[in-house]
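Visitor: Sharing the record's features from TrEMBL:
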type	residues	note
DOMAIN	16-252	domain 'Cdc23'
REGION	552-575	region 'Disordered'
REPEAT	313-346	repeat 'TPR'
REPEAT	347-380	repeat 'TPR'
REPEAT	415-448	repeat 'TPR'
Amino acid sequence: MDETFTVNLAEAKLDILNGIVECNKRGLMQCAKWLAELNHGLPQEERLKRKDHETYDAQRAGIADNEYDDYILAKSYFDVREYDRATYFTRNCESPVPKFLHMYATYMSMEKKRLDNMTDSSVVSTKKHAKDFAELVSTLRTERSLGKLDGYCLYLYGVILKKLDLTILAVQVFVEAINAEPTLWSAWVELAPLVTHKAMLLDLNLPNHWIKQIFIGYAYIELFLNDEGIKIFQHLLKIGFGKCIFIPTQLAIAFSNKRDVDRSIEIFQRLQKIDPYRLDNLDSYSNLLFVKDMKTEMSHLAHKVVEINKYSPETCCVVGNYYSIRADHYKAVMYFQRALKLNPRYLSAWTLMGHEFMEMKNTNAAIQSYRQAVEVNRRDFRAWYGLGQAYEIIKMPYYSLYYYKAAQQLRPYDSRMLVALGETYERLDKISDAIKCYQKAHSVGDIEGVALFSLARLYEKTHEMEKAIPVFLSFCRDEKVVADKASLYHAYMTLATHYEKVEDFEKASHFAYKCLDYEDTKREAESLLKSIANKRAHKLMTSEGATNMAAAKAATNVEDKPDSESTDTYGEDMDMDESNICRTVAELAMGEEVPLVTGEEIPEFQMEDSFDTNE
């Protein structure tokens, strides 16, 4: 996607104002609110001056004159949530606006009754209620085949198809709706969760409209392609959308996904100053405060949102997080349940309630909550990860493996998912798979700092110490960032024991002394240091003894060695002439002195006084 696109702000203003009028006429209040916020953030000089007659014409467009009175009455009933009355008074209308209002009021009436009659508030699936929408779906399908649906009716058709899990058809219908009405932001938002990967996003037949760029950035963040989304939204800030609150909000969410919590909190705090009564996305802000354990800020936020609107889902979610950070899990669950009473498809509440049930050791309730979160949005990796943890607790590793894999596919570069997968593979004795997971977790940036330790411990478990020792050393290299001190001292103890065995006493002592600071390893370290000291002393004595023996042997060799001349003479062949021998014998017999041969001496042999027992 080209991040160098430009937007004609004057044309964008005109599109937005027309969209606001059309959405207001049809009762699409959330879409009208979003467009109004976007309009308010555009530069002042781009504001358009509408003439009175143009405004009047826009208000009457799409409404037949003979249906106007019925429409006005029905719209007033719709605004006060009397949906059946609105449906009744528009039952015979054929012009686009009253026709949409009739279908939309019919849909809202069914939804309201379904929720009111719901006996179990923990069920959000609409599959069982397909028959409720059967007649409306049949009407919309027929109208679409005849080409009689405008963009707004197509949007409504797509919403119902999505509820019925007819995903492929829903995507096609939403794309048609967007091409017909590009400023219908609600259709873009409904489409985003149905896009499963980047290639699918880029292949969609979307209109070449300026709002498409906002959607692409939004969809990237939904797909956790945060860097791409950040580039688009930062470019939008530069070209004139700097004061539109939606844009920095998406940046805050993207930075939160990237674990840049401080930067995300900074953006949310700035938005609070710009629009202090805004409740949208404050659940995300409270999640960040929870992660940073900012109890004071959480308390201020909870009191503030209660003053603004005590009965909004966002308020209940923030208050639930407030009680959660205070470890009052029962009250936290109560407020998350209140949020779900107000909006059964409120994703954050389902996921957070699952977390609270996990804290309360109620694994079955946690599983139910996470399952409902997945029903609302199948891309909520936190719910998949929570399911993996829950099944891990109840010792069902194959189920756990399935859910961890789903979470890892959604967040392929999140080391937490990879470590969880590795631990599960290890439990299932799939050692090679576990090693790959730990290695990848380290390579993508180990958030929790446990991948190296898990990898080294696995090598240690399989008796591959030649591989384990370098990994333990890498793990201990930056000891200040290791959160789990038990793991750190286990690594120290393992290294100390290894170096003691290979008689590298300097390194062994270095790591053993570190273990003295930790109570669980203190006694073992003291014992190891004594062993090291004994081995050092024995090695020193052995070394000295060897040195003394070598010196004694050298001295003995010097004493035993005859002089060079004697040795040379003794080594020569002696004269064995028979005449000389006879002569010498005769002279000895006669008593004469026999002179020695010139230059020749017979060496004197001496007996050794002692023997070296080591030789």
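Note that Cβ sites are derived from N, Cα and C of the backbone, with glycine treated the same way.
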Visitor: Grab the same-chain neighbours of the repeat 'TPR' (347-380) for me: Cβ-Cβ under 8 Å, and only residues 6 or more beyond its ends, written as numbers and ranges.
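Guide: That would be 122-125, 193, 222-223, 283-284, 287, 313, 316-317, 320-321, 324, 327, 329-330, 332-333, 336-337, 339-340, 386-387, 389-391, 393-394, 410.
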Visitor: Mind checking how the repeat 'TPR' (313-346) divides into helix, strand and coil residues in DSSP?
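Guide: Its residues divide into 27 helix, 0 strand, 7 coil.
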Visitor: Going by DSSP assignments with H, G and I as helix and E and B as strand, what are the residue counts for the repeat 'TPR' (415-448)?
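Guide: Here the numbers are 26 helix, 0 strand, 8 coil.
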Visitor: Tally of helix, strand and coil residues over the repeat 'TPR' (347-380) according to DSSP?
Guide: 27 helix, 0 strand, 7 coil
Visitor: So what pLDDT does the domain 'Cdc23' (16-252) average out to?
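Guide: Mean pLDDT, the domain 'Cdc23' (16-252): 87.
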